[in-house]
Amino acid sequence: MQSHQNRSRLSLILRSRFIPSFSSPLSLFVVLAAVPLPIYFSGLLSGRNNKPLSVMRLNSNLASSMVESNISCTTFNILAPIYKRVDQKNHSTRESDFRTLWLARNQRILDLLLHQRSSVICLQEVWVGNEELVNMYHHQLSSSGYTIYQLARTNSRGDGLLTAIHKDHFKVVNYRELLFNDFGDRVAQLLHVKTVIPFPLNGKQDVQQEVIIVNTHLLFPHDSSLSIVRLHQVYKILEYLEAYQKENKLNHMPIILCGDWNGSKRGHVYKFLRSQGFISSYDDAHQYTDSDAHRWVSHRNHRGNICGVDFIWLCNPSDSRKPLRTSWVEAVFSIIKYQLHKASIAEDDAFTFLGAKNHSDSLTYSDFCLALQKVNLTGIPHGLSFEETKELWVRADLDGNGVFDYEELKKIWNMTMVNQPGNCKESVMESKKEEGEDEAIGLKVNKAILFPQEAEKGLWPENYNISDHACLTVQFSPVKMLCS
């Protein structure tokens, strides 16, 4: 078990544990696991009588035929007992007050995870403040061959993240922690791992896949002013990934991020990640589009709303990814547009709402700053910084004449966050690279499953009570890619 303390006032803290350096030029950034087969659990926890699990395997022949190179990931927000309400009339009564309840529920969670036997398990809302529960997870997971990494949220929030790596599948090269030290005391784990079994890149060469596992849990959007905080959290993760790749001279690698993103496919975080070349693995497996937000759910929140918020994001190798800062600015402008839409302000009226007298008028930098306050992006403790505001102004003043006019507003209003295609293509293993092409190993999504099964149909079963989140498992297979 790792115990950590927050000893810095920096907005983002990076801590690392270095394990032997890696040498292969072909690396992967992924949140993965080797699952023997997708599994549905039926009749699970329908009442208080703690009936044993009834298990139904899907495609049982898959287990024996699956090649060793297949990998998969399980991500699951297990609902910390300190947050689980047990009395709807008295919200101050939590499961953490009743040992028999939280002990039994978490044992059923462990039964599910150990039966799946994913090579990487990423958990959120682990009750790290309770030694008995922590020991329970560490003992059972380590006894089953997992190495465990744990990270508490800052400011003694009581819960945190846990990532378990199966020793039969991955060797840990490097482990780092990100402490955002922001409004929500959120954190992230990054693990650089390498496959134990080499992957045949071609007929002459075997390589060990190198992988980065990212596990995180973003802030819940209690109100629209927190949109910028959530965007900051994702930006910090992507910014650090870029720095890590540069520091270790890593090129052409897939990246997978997983966790509870506390936002749906309609949100700014989703669009931001899509603009950086990421795909939702679950949607890719089921051939859903970005507009298919209603097809599946993974969470019923404390307000009783059901939505899809748990993702395993995949970004395959590419040299043509849009600059991160460009995507960031586009995402902030998207928030401004959303806030105006939410206030029922159309494009024709937006300019006057922001402070202009009419369409022939223009806004100075001071006017622009006041406009940002109106849409909850500045003037609040967790809003845009001075430097970010200046950068936004430079991007808004397209012609560089020192003022912001209506024509520039229209261009921003009509701007869309385009999903960024890559310049690497999947190739058959026997194919030879052309001049100017580089070889890389990418990932192909084979299968993605939500448990409980009803969540895949956009429904939430009333008898499901091991968490307020669904468990998501995605299976990948490595593919050769040629990057031009």
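Each Cβ is built from the backbone N, Cα and C atoms, and glycine gets one as well.
Here Swiss-Prot flags 25-45 as transmembrane segment.
With DSSP classes pooled into helix, strand and coil, the tally for the domain 'EF-hand' (384-419) is 19 helix, 2 strand, 15 coil. Sequence annotations record features per position, and here Swiss-Prot assigns domain 'EF-hand' to 384-419.
Per Swiss-Prot, Ca(2+) binding site is recorded for Asp397, Asp399, Asn401, Glu408, and the stated evidence type is a curator's inference. Summarising the environment of Asn401 (Ca(2+) binding site), the number of other Cβ atoms within 10 Å of its Cβ, over all protein chains shown, is 10.
Comparing local CB density within 10 A for the binding-site residues Asp399, Glu408, the maximum falls on Glu408. Apart from Asp397, Asp399, Asn401, Glu408, the Ca(2+) site neighbourhood in this chain, defined by C-beta within 8 angstroms of the site C-beta centre, holds Ala396, Leu398, Gly400, Gly402, Val403, Phe404, Asp405. Long-range C-beta contacts of Asp397 (Ca(2+) binding site), restricted to its own chain and to partners at least six residues apart, with a cutoff below 8 Å, comprise Val403, Phe404, Glu408.
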